[in-house]
Amino acid sequence: MKNRTFATIDGNEAVAQVVYQINEVIAIYPITPSSPMAEWSDAWASEGKPNIWGTVPTVVQMQSEGGVAGAVHGALQTGSLTTTFTASQGLLLMIPNMYKIAGELTPTVFHIAARSLAAQALSIFGDHSDVMATRGTGFAMLCAASVQEAHDFALISTRITLESRIPFLHFFDGFRTSHEINKIELLTTEDFKGFIPNELVIAHRSRALTPDKPVLRGTAQNPDVYFQARETVNPYYLACPEITQKVMDEFAQMTGRQYQLFEYHGDPTAERVIILMGSGCETVHETVDYLNALGEKVGVIKVRLYQPFDSQRFIAALPTTTRGIAVLDRTKEPGASGEPLYLDVVTALYEKWGVGSLPTVIGGRYGLSSKEFTPGMVKAVFDNLAATIPKNHFTIGINDDVSHTSLDYDPDFNIEPDNIVRAIFYGLGADGTVGANKNSIKIIGEETNNYAQGYFVYDSKKSGSVTVSHLRFGSQLIRSTYLINKASFVACHQWDFLEKFPILKDIVQGGTFLLNSPYDQDEVWERLPGKIQAQIQQKQLKVYVINAYKVAREAGMAGRINTVMQVCFFALSNVLPREEAIAEIKKYIRKTYGKKGDQIVQMNIKAVDTTLDNLHELVTREYSAPPQIPNHHYPLSPEGAPPSSIPYILGKMIAREGDELPVSALPNDGTYPTGTAKWEKRNIAQEIPVWDTDVCIQCGKCVMVCPHSVIRSKVYEPEQLENAPSTFKSANAKDHDWHGLKFTIQVAAEDCTGCGICVDVCPAKNKAQPRKKAINMEPQLPLRQAERENWDFFLSIPNPDRRELKLTHINQQQMQEPLFEFSGACAGCGETPYIKLGTQLFGDRMIVANATGCSSIYGGNLPTTPWTQNAAGRGPAWSNSLFEDNAEFGLGFRVSIDKQTEIASQLLQELATVVGRELVDDILNNQQNNEAEIWEQRDRISILKQKLQALVNPELTSKAQLLLSLADYLVKKSVWIIGGDGWAYDIGYGGLDHVLASGRNVNILVLDTEVYSNTGGQMSKATPKGAVAKFASGGKPAAKKDLGLMAMTYGNVYVASVAMGAKDEHTLKAFLEAEAYSGTSLIIAYSHCIAHGINLSTAMQNQKAAVDSGRWLLYRYHPDLVKQGKNPLQLDSRTPKLPLEESMYLENRFKMLTKINPEVAKELLKEAQTDVNLRWQMYQYLAAREVTQG
């Protein structure tokens, strides 16, 4: 056996390394958690890396997974070795083509990071729902249980498909395998070449469509032959299992790693056996070893080839002593007599068991949406099998108090050996903790003889969410595919987490605790929450503290504390000699940040060099009794709330205790209340804006740009200040319309993310201190309590009357209450200010169809939602369908609302003699064109409802009841279709185009970040020429799609292109005009993004630079102007005055290319400048045309 190379990589990279080498065409589209496989392929192709045949694979990005499947089908039909990667809904979009590919016996492998399907809710996490939905397509299914298996099966499945002609799904668990980092043995180029015989490749090519040997495929067949034709493939499927095992045996001869279609592990005379597939196999494997060492007789069968299901080999793998079988499925099929694997096992046993009585077979569900699957749960399943009457169709890992399917288990059951080092790190999204820990586990895996495993837990929030890193390393193979619950090392990178989460729950006696503290060493002990003090003393922990933010700030890295904490970990863990560890950290810094420029590299290295001087051991008191220091609890704390209440449910989720919620606690249809984000109080900002009353000019700009709606302004009567807190600030209102009133700008300190955009846009200058403005950043912690009281008081002040505000004046319009607040978006997000503005203007009558993407995640991800309500209980109604159908989904809203309004109007006419003709006429004739008319209409509807409720005439009651149920539709509803550029320009463009052509009164808001932000920054058709993005590693060669111009060609669509940072009044005007327009409206909003490689605190300057250079145009196309004899296109940008280079190179996404490939960067910049010039000239021409009517 040849010497082997090891690498510490995650499952996605492990698969991509193989797939890239043995394919010629790779069609891609981003979807979590499979995207990194496509990203690696694109990056290698961009570098010119060849495959085993010496050619660089063609990597082509499509507009959707449906498009990918079509491209794959076409490439396969013309003889190329072709593959793709996907998951979840993406895989479902491929199903029609999968039937075709399989029906034509075309070899290919789709590599799937298996993920939940959107049902009552979307979930990005892992289970087998997606792959099980494809069972009827004819694709074979090969399942990998670990990173090593995923690496190996990528090669094995490709060989099998070429030999069998059966297309394959090679799948592995999303996140648990796709994103787990593990030390694996790598296959080599020689392995690939030896394992993929040329004759199989030639045979595939010989079946290609070519005019040199013309044939016809894809015919339409009639009833006389279709049935028979379907049966012709049977011999291929019957042969597939034998071919698969033969290939696995050959692989074993080459590598020493033997796989079986059904691999048994356990006692040879086992009486109880669990059958499953995927990463759960590893947990069962190690639990079987533990239980058998205690004298049990148990085993596990790991299913590798699921389809075609070889019943004979399955029976042969079972010990003949088997008396009880538990089949575990990682999916749910409501209404079925059992889940898929269970049904196949039952069928196989019934058909093939032979002599003697059948074993008892029970089925169960586990692990949906990456729900934990632990040794304690495995033991519970074995215990259930040992019961006199085992529970069938059970669930494990949840508390089902509705259908009573769940098994009880011991959550503290632990089987991990003491010689495995286990460490947990609690970080904040975007503080670099996860990235640093990925590098740490790679250093350990590659620079020591240890096996290593890294797994990272984060919710779907953007930066600012909690991340938990789980690192294991030791001298033996690590099979523990579950979270650590006994850690020898715990690091807390955010002080506030001490009050929010059970940070020290899983640390062992005598363990090491590393804490990032904002306080000096001498203050730390007194500042610790009482519960933490008690745990430190009771568990006799060694505690080390560092002010990582101070070290990072002094190194010029602001909030990026990852490098600092990484150095501390290596210094305390002793896994490597200290100097060697620091050298490796610096090596990985250069590798990780080299493309971002030497300045970033040097800042990180400076942080490394200064860290250990700031790391101190904390001297704790002798233990006597738990200190009586009150703990902080969330306003939505589960303590004190009834178990059935929404506050209790959301409180448990916020406290990271959602796993404890029973089935009965959750809504059965996925419906949740709005207005809950205000209870979360994340306290993640190190600094918050503080208002200077003397300098402020009361322009409202800071309020408008605040991405999280934490800055608010109000005017009010002076007497409202009578009970104000002593630190509450106010000033005399400066607007002439508010003479004699008081004015306040207030910040929600505990909801602020500290982005600083408000400071950047503030136009006011402090003449005494030129570096100061009317709003300035100051440390949050000393201000928190006072600002909490000030915020509560501010909310008690009545809002200004919306009917009296001048909505075209920003300072007045920003007095409107936002009905979108405190989202989980990135600090400094460029999308949310537009959404917030829409809710301020129209939120109390708004219904929103939101495409899957960033805006659906920060807008609709549990536990809390930023969409909220006003004091009257009105606010945006929000829903997300899918990524690809959002435009159609929103059109459905409009069609339905219009129909219900029509029915209500008809009923109103029919009941006019009863409710009063005058009231009916007033309701039906009200145009509802402004706030005053909307308010009047609501008052009339209230009177109407009172009259309807008073009716007692039996003949009228049914109509009255119907009208009562529809009366609110007589108030104008504002339908908004919201999504990002990945939706609008790519996957959803067909539907969007149809809605634009419909003429229906919907408002479409495209939050254009110019990349697929939600999936990690991949290229879309909105990505500008020359930008480096994932899937465009060598810089995007094509120009940005002009969505606005395409929409204008219909002639009856209102179109606006806006950039708040360039011209906020223009943005406001566009929103008002779009909503007022009676047809279809489209607003394309420039939205800066963290993926642009910019400082988000000054991102509004980037927007302005984009407009000043002509890269982004401001315009409004208003069809109604044609009726007035005017040109409908109003070009609101001025002639570009900034060279494009100066705008582009403010952003790292453009600047990176100058380092990667300077010549290409120079050429693309030249082309992009030409494109900008030509586009400006075209829009100038279009806006200057004279319009003639009729």
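Including glycine, each Cβ sits where the backbone N, Cα and C put it.
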Of the candidates C762, C826, C829, the one that Swiss-Prot places in the [4Fe-4S] cluster 1 site of C696, C699, C702: C762
Per-residue Cβ crowding (10 Å cut-off), top of binding-site residues C699, C702, C706, C755, C829: C829
Neighbourhood of C1089 ([4Fe-4S] cluster 3 binding site), C-beta criterion under 8 angstroms, separation at least six: C826, C829, G830, E831, T1009, E1010, V1011, S1013, G1017
Sparsest Cβ surroundings (other CB atoms within 10 Å) among the binding-site residues C696, C752, C758, C826, C854: C696
Local confidence of the prediction over the domain '4Fe-4S ferredoxin-type 2' (743-773), expressed as mean pLDDT: 95
Spatial separation of C706 ([4Fe-4S] cluster 2 binding site) from C854 ([4Fe-4S] cluster 3 binding site) - C-alpha basis, Å: 17
By Cα-Cα distance, the member of binding-site residues C706, C752, C755, C758 nearest C696 ([4Fe-4S] cluster 1 binding site): C758
Chain-mates of C706, C752, C755, C758 with C-beta within 8 Å of site centroid, [4Fe-4S] cluster 2: I688, P689, C702, V705, P707, H708, V710, I711, V747, T753, G754, G756, I757, A827, G828
Distance from C706 ([4Fe-4S] cluster 2 binding site) back to C762 ([4Fe-4S] cluster 1 binding site), taken between C-alpha atoms, in Å: 11
Alpha-carbon distance [C752 ([4Fe-4S] cluster 2 binding site); C702 ([4Fe-4S] cluster 1 binding site)] in Å: 13
